[in-house]
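**Student:** My questions all concern the structure below.
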Amino acid sequence: MVVLSKIFSCALFLSLGSAAAIDIRQTSSINNAFKSHGKKYFGTCGDQNTLSIPQNSAIIKADFGALTPENSMKWDATEPSRGKFNFAGADHLVNYAKQNGKLVRGHTLVWYSQLPAWVKAISDKQTLTSVLKNHITTVMSRYKGQVYAWDVVNEIFEENGSLRNSVFYRVLGEDFVRIAFETARAVDPHAKLYINDYNLDSANYGKTQAMVKHVKKWLAAGIPIDGIGSQSHLSQALSALASTGVSEIAITELDIKGANPSEYVAVTKACLEVKKCIGITVWGVSDKNSWRKDNSPLLFDRNYNPKPAYNAIIAAL
């Protein structure tokens with residue numbers, strides 16, 4: 001996750017501080033308006049605790065086209081003990097999405113954080129390879145055909161562009177990426193397979209350059225990476241990611257400190273300008289339930305009312 005600060009200075013064509021800043025939510029759902037430009041979805045995240053809130057659920061049904069599990073598909077939730085899986089939370093989200101016609105983005109299969117201690121303690125290559133393959137196979141098999149895309153590996157780069165010193169890299173080296181993606185492709189050949197990371201906002205940033213270089217190399221080696229998920233919000237950076245040869249990219253886990261309308265509009269327009277950018281996921285619905293609630297970063301306030309940023313996006317679309 002990354003929180004965007006005040007980067008953009010462009011002015012909106014309507015004055016959000018005036019009477020013109022009316023609630024135009026009823027005019028069009030943000031997902032429908034975004035899809036009218038040829039995009040696939042404008043989504044959000046959730047889990048059973050937030051999906052069960054009536055106001056929150058009503059907004060998801062009306063305004064968003066895709067759901068990403070906030071925590072329920074992470075390793076500590078799905079396999080807290082070796083070989084003992086718990087799918088209660090993930091099942092709830094996937095069933096909710098099916099019942100309400102929403103796409104699902106699976107998040108996430110391989111991540112250094114929210115990882116059980118028993119996985120972190122593995123030091124043997126053969127054991128970790130077996131554990132990694134079994135985890136990916138078991139989780140993906142349960143939802144085969146029900147998940148549009150999976151974040152197969154998540155946040156594997158350091159800020160300087162080196163590969164993060166996770167248990168996966170320490171024990172398996174760079175090969176853990178190949179193992180993860182090849183296993184995922186074998187389980188569900190039709191799901192889109194993503195590498196996901198944050199702080200890829202500048203095409204010249206070391207982390208962005210490392211992502212581009214490595215994905216090009218991995219694709220050339222036949223590793224089945226379909227997409228890059230990023231919090232990038234400038235079209236130049238998104239274009240750099242698209243140049244790797246992946247079939248699609250997506251803006252993921254987006255929230256903006258203070259929910260500045262011009263910044264949210266800039267993010268939306270950046271995706272519209274890059275053909276391979278197929279969707280945007282805002283990391284939550286209401287500020288009330290945001291993991292950064294003190295920053296008021298989302299499109300709906302603590303009373304579940306649309307904020308100026310929501311109306312600004314609709315107006316821009």
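Glycine residues also receive a Cβ, built from the backbone N, Cα and C atoms like all the rest.
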**Student:** Using the record from Swiss-Prot, pick out the residue from C45, C271 that is joined to C277 by a disulfide.
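**Tutor:** Out of the candidates C45, C271, the one Swiss-Prot links to C277 is C271.
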**Student:** Look at each of the active-site residues, E155, E253, and point out the one with the fewest other Cβ atoms around it within 10 Å.
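**Tutor:** So among E155, E253, the active-site residues given, the one with the fewest Cβ atoms within 10 Å is E155.
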**Student:** Measuring Cα to Cα, tell me the gap between C277 (disulfide bond) and E253 (active site, nucleophile) in whole angstrom.
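**Tutor:** Checking the Cα atoms of C277 (disulfide bond) and E253 (active site, nucleophile) gives a distance of 14 Å.
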**Student:** CB neighbours of C271 (disulfide bond) within 10 A?
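**Tutor:** Excluding its own Cβ, C271 (disulfide bond) sees 23 Cβ atoms within 10 Å.
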